[in-house]
């Protein structure tokens, strides 16, 4: 072995492999499913750790340079004196080297493929290690990098080993020629940018480094080199077959044994020699064989019933000794498209899916097992059954967990060229076919044995080109057991088995040039269109969003070929950063000084970065629930329908509860024994009491799982519904005797007094300016009309990110003058009545000399010390629909709790309230604020009948919010952690509130039904303060 490295570092850098799309690797081993090379059958069967694997994670030596040419030659032989330590796996940007960049479409480098900037941040990693002396004596020792972003060179003991790019698939090299007894030294030079970066333009943080596991694997000299497992099913799924195509690295007289296990018990086995059937006139393969093992009455795998077997593949010597064993979890299932429907095991699927980026707030793109399990448990608990690996192959452990817990997976190639113009510039260029091909073929070769993967995806947002057509054909030939999907190319793309648009709407066409997005209802009815439609992205959950999600699910359940979709997306991609005082906060694009950046567009999650749910997650849970209910109010019969396709209920109980104005009056439960796709009815006539008290009567039902499962705790609620029960009784409100309030007025004020209470209107503005109780003022600001909200991301659209969008709601409101309204009182008069005081006020709201709104109020102060407010608002025809119509003020009181009768307990809005349950709720004041990372309107509770907050008691039919943060602060503040509690409590009382929208976040997406587009609105409220003892 030469003591001098060859080629030299200078020679390697002169080749500029990282700017050559035809060069994706040097000396990298072929892709294959994950290997463990057990030497013991029982260990393989039981999935024990393998003694043939050595993990190299931990602290490595690290030196950072602004370009690869700055790396000194001596680093190949020994660490630099100023080297630091850096954890592997990690992203070096999160260790204060370089800056993470968040951008959606725009490339973070000048667009000139395949060239990348000369200033190309470079991380030089090294570490010492030793290996078992037996590994040096025999066999092959490999090093496996599960993920390195974006390209790297590898040396061992000063000798160049190889080069690789594609940041999301393993790079595996043979280290055997370079290893030595005692200490060995690895050196890895990682480049931030390479030509492959043009294929990795996903909507995510752009970070670098060795961010997945690094390990050594020792294989025997003669070893298994590839294993392909399929599970064909026959006779209406009553018979199955385990088929294993096994490859060996070199022709030999060895034999291979295939065994199938279930719960540790042997189901069947077969042993045979290598050698295939005759392929053509030149003969057969000597280095492979196919074993077929029949299985009677196999237990089928699905996301509902993720039954797994364990297959062991043992390489035997000619004498019958075990050379090595590989093992895989096996699920018997069949995926097909027939009659225009995607089916699993013969049943049409309804995809309850989400897109998921690999993201951790502290660790960036480093995934650990605990985070992966947490994500899966949350998905299962909230009725998700599918996940799209957006937009790259995930950590290999992810698929094993999805196999075991039960999630359908779309495995997606690491290809996105969204920032190219046109988008298909690279995908239609044969020069880029080798690079694209390796990203697809190596994904399939690594992941094909996982039952959870039901669809392959050719990538994301790369237009449509001839390269896609070639890759589609390759996948269909190599794996005919799964469909292929790809969104690019518009309505007529042939490179997909599934219509998988993003952000197509339920009823609204979006006729974009070349790539129209028809409404999903229309799409499945186009001439000669017979494919299923599954939205690859929909319901953009950016901040306070997700409005109209229920409309999609109404359509999915109504039209069989609308088979669901994948919500965008799972987790807010914010990173933890510390402010100047060392306090941590969640940072988004631009917070690291990164350019270009797309600010908060990375905050689209159903969960916060720490996996705390957004309110939208509950909306998804309710819409996607596997049990549907109907209630016949005439016969008082409840019917429950199971949407499980394969699972019989064996751990479900149906609970019912009758509530009068939120107070329980009767309850009961039934055992729920339902076959898949069946229903059962439960008569409640004999169980419901006769009630004569006034109030709203609600029937609540829920399905709970009494016993804990692999993914939920005991008594997990998995479905619910409720109905307002009709009542024929009418009740007159009781008469209340008491002294009438007294009126006094002068040129400046109108004052009303009742006992220990006093109210005051000021004539100059016509507002209720103060409310005293026992001479203590209760208001910090007057009670005023409110027609605006702190803009949501959906209100802003693409304004303030790339350009001003005149169609965005916030721009339309600005142009109309809604943020600079001048309020003018045109009427304020008061009258003493026999039983109270009446005040009538009228206000005009003007901008640029035009009257935009007119608000007329009638205030009745009664003998109970309460004030009833009747509000009428007229809206000018020229005004765009306002965000809200209501009243607001700043209360002096700060109370730790609020109680209300209405929809809750979590935040809800008029177009996102499917998951909000009518009842009597109590929550801490701080829980009424939803801490969206980018502040805006939040915390609303709709359809409220009564609100108790400290001494305040408010009745009517209204929406409310209570917050320590005022509207102006919410409008002006850029981050949640910068919000400062204000004096008192801000109270908003809305008679009407516009929806939040959510079909997407860059165009107006609030459905017409939830816009305040009328010309006149009326609402009523009753406010009272409790007498203090």
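One is the number of the first residue shown, and numbering goes on along the chain from there.
From the backbone N, Cα and C atoms, a Cβ is placed for every residue, glycine too.
Residues 416, 418 are given by Swiss-Prot as Mg(2+) 1 binders; from 369, 461, that same site also lists 461.
203 is the only one of 11, 201, 203, 710 that Swiss-Prot places in the substrate site (with 104, 461, 537, 538, 539, 540, 604, 1002). Taking the mean position of the Cβ atoms of 203, 601, 604 as the Na(+) site, the remaining same-chain residues with a Cβ inside 8 Å of that point are 104, 542, 568, 569, 573, 598, 602, 603. Between the CA atoms of residue 1002 (substrate binding site) and residue 461 (active site, proton donor) there is a gap of 17 Å, rounded to the nearest whole number. Those same-chain residues not listed among 416, 418, 461 yet with C-beta within 8 angstroms of the centroid of the Mg(2+) 1 site C-beta atoms are 105, 201, 202, 203, 391, 417, 419, 423, 459, 460, 462. Fewest other C-beta atoms within 10 Å: among the binding-site residues 538, 601, 1002, that description fits 1002. If you compare Cα positions, residue 461 (active site, proton donor) sits closest to 418 out of the recorded positions 104, 203, 391, 418. Residue 604 (Na(+) binding site) and residue 540 (substrate binding site) have their C-alpha atoms 7 Å apart, to the nearest angstrom. Within 10 Å of residue 203 (Na(+) binding site), counting C-alpha to C-alpha distances, fall the following of the recorded positions 391, 418, 537: 391, 418. Listed in sequence order, 204, 390, 569, 570, 571, 573 are the same-chain residues six or more apart from residue 357 (site 'Transition state stabilizer') with CB atoms under 8 A from its CB. Of all the binding-site residues listed here (104, 597, 604), it is 104 whose C-beta has the fewest other C-beta atoms within 10 angstroms.
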